[in-house]
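Here Swiss-Prot flags 1-26 as transit peptide. According to Swiss-Prot, the feature N6-succinyllysine maps to Lys31, Lys82, Lys191, Lys396 (among others). What Swiss-Prot lists as N6-acetyllysine is Lys75, Lys133, Lys191, Lys202, Lys292, Lys389 (among others). The ATP binding site feature in Swiss-Prot is assigned to Lys75, Asp111, Gly112, Thr113, Thr114, Thr115, Gly440, Asp520. According to Swiss-Prot, the feature phosphoserine maps to Ser410, Ser488 (among others). Marked as SUMO2 cross-link by Swiss-Prot on the basis of a large-scale study or a structure entry: Lys551.
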Amino acid sequence: MLRLPTVFRQMRPVSRVLAPHLTRAYAKDVKFGADARALMLQGVDLLADAVAVTMGPKGRTVIIEQSWGSPKVTKDGVTVAKSIDLKDKYKNIGAKLVQDVANNTNEEAGDGTTTATVLARSIAKEGFEKISKGANPVEIRRGVMLAVDAVIAELKKQSKPVTTPEEIAQVATISANGDKEIGNIISDAMKKVGRKGVITVKDGKTLNDELEIIEGMKFDRGYISPYFINTSKGQKCEFQDAYVLLSEKKISSIQSIVPALEIANAHRKPLVIIAEDVDGEALSTLVLNRLKVGLQVVAVKAPGFGDNRKNQLKDMAIATGGAVFGEEGLTLNLEDVQPHDLGKVGEVIVTKDDAMLLKGKGDKAQIEKRIQEIIEQLDVTTSEYEKEKLNERLAKLSDGVAVLKVGGTSDVEVNEKKDRVTDALNATRAAVEEGIVLGGGCALLRCIPALDSLTPANEDQKIGIEIIKRTLKIPAMTIAKNAGVEGSLIVEKIMQSSSEVGYDAMAGDFVNMVEKGIIDPTKVVRTALLDAAGVASLLTTAEVVVTEIPKEEKDPGMGAMGGMGGGMGGGMF
């Protein structure tokens, strides 16, 4: 009989054979100094070259293979950056760090990702070069950040607020690669729903772009039964000046809604019932009365699920001046309904797919209070899904929703255009937030003289400031290069011209950028520079890079299979 220690001694080697990953992780590959930096820089260059071709009005598109469906055609910098994954792990680390720059800029400003990428490449490249000659990377980073702070302060001085719809259209047009139609449609949308209104972008069903304004509270639930239809045209139910009964619970008994029907009848008003569901006896009686005596009523399921449904019903109650029955903490019963418990709306339109409550008669102060509550929730939530739902609710309570429907002849065309529309929309919002500066890379060029007055603490910090001076020329040079002209000559000529003169790459001429409407949002330029400098200067301080060496998989069990086959053969003979 074996003792326990002997058994354990026999088991230990077995566990190592069966589960090597439990005892040891992947092996690592380590590179130091110039070797590591050179490989990372190759990755940075590859990504930046791919992104840079999209810059400016004469920038080209990039075609990206997708794991499913047609290839994606895009001129959006962040989409190109995200698609790049390099085989060499050291090159990939460099590429991924610059990819982060594009992502951060996109999340914060919604545009300017190409500018951020070319700026990051320039700072990293120059930084690596100086470090190889013995400069101190930490002091270079300090010099870079010192210069960036000075540039941002100068950008704020140059910035002008956006005041007219024309300026909004100009910002959107530039960001949409010179497409005036997109610029005008975004300007119209902002005019109609307000500068802080919700604007969403969707695939259209036609060849042309369309703008749909949804005012009031629209939600994606239609009538429960088609027998509620009261218009022959359009298969919908329409009422003017109606009462609204809101319930969190299912309504099955007709007795529970008779009091509400009597109130509506006494006041000669139609009744809209919005509940978790209306079924059984309640639904059949409503339909029967609708058909026999022309009862003006429609039943609709409440939108959303769980907490989202509760919140939307509460929003409807506040917007219409009613109450929600079945709400936790309230002792309201449907049988005890009073006229002041019913919401009031000027117009109701219900189709088989959606319902719209227009001109709600809710108390303005209560609506404003509810809007503030939603804004506060927006500030603290981190979930993208939650933010989307809160924004939708906010729009329904405030100025309504503008839907931009992007048209085109194929999915590929619509998707490419949708990228540009989204960029243009983000740029426009950024411009409204922080104002505008000269476009075409000119704003950064006009900041170069401000760096002359800086006093660095040492020579290495001075090198960092010089790196930023040269980097600020890169966006204008890239735009010129993509237009087929010599970038350095264009930059020199802009620097010698008056403050508002820049290069119009589309026309191939030097023009007054403000008069021509070639402008950029201050927030986009500021964010692009700040994100690029932060990541790229940190990249230059790296001395060691550690990557994993993937474990080579051995052929699983082919030998055993062969043995098994032999055994079977032997058994059969």
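Each residue, glycine too, has its Cβ placed from N, Cα and C.
Note on Lys191 (N6-acetyllysine): other Cβ atoms within 10 Å of its Cβ, all shown chains, come to 14. Of all the binding-site residues listed here (Gly112, Gly440), it is Gly440 whose C-beta has the fewest other C-beta atoms within 10 angstroms. If you compare Cα positions, Gly112 (ATP binding site) sits closest to Ser488 out of the modified residues Lys389, Lys396, Ser488. Set side by side, the modified residues Lys202, Lys389 differ in how many other CB atoms lie within 10 angstroms of their CB, and the most is found at Lys389. Neighbour density for Thr115 (ATP binding site): within 10 A of its CB lie 30 other CB atoms from the protein chains shown.
Largest Cα-to-Cα span within the ATP-binding set Lys75, Asp111, Gly112, Thr113, Thr114, Thr115, Gly440, Asp520: 17 Å. It is Asp111 that, of the binding-site residues Asp111, Asp520, has its Cβ surrounded by the most other Cβ atoms within 10 Å.
Gly440 (ATP binding site) sits 36 Å from Lys389 (N6-acetyllysine), taking the CA atoms of both as reference points. Ranking the recorded positions Thr113, Ser410, Ser488 by how many Cβ atoms sit within 10 Å of each one's Cβ puts Thr113 at the top. Its Cβ taken as reference, Lys31 (N6-succinyllysine) is surrounded by 17 other Cβ atoms within 10 Å in the chains shown. With a 10 A radius on its CB, Lys82 (N6-succinyllysine) counts 15 other CB atoms from all the protein chains. Taking the Cα atom of each, Asp111 (ATP binding site) and Lys75 (N6-acetyllysine) are about 12 angstrom apart. According to DSSP, Ser488 (phosphoserine) is assigned to a helical segment. A gap of 10 Å separates the Cα atoms of Lys75 (N6-acetyllysine) and Thr114 (ATP binding site). One residue stands out among the recorded positions Lys292, Lys551 for having the most other Cβ atoms within 10 Å of its Cβ: Lys551.
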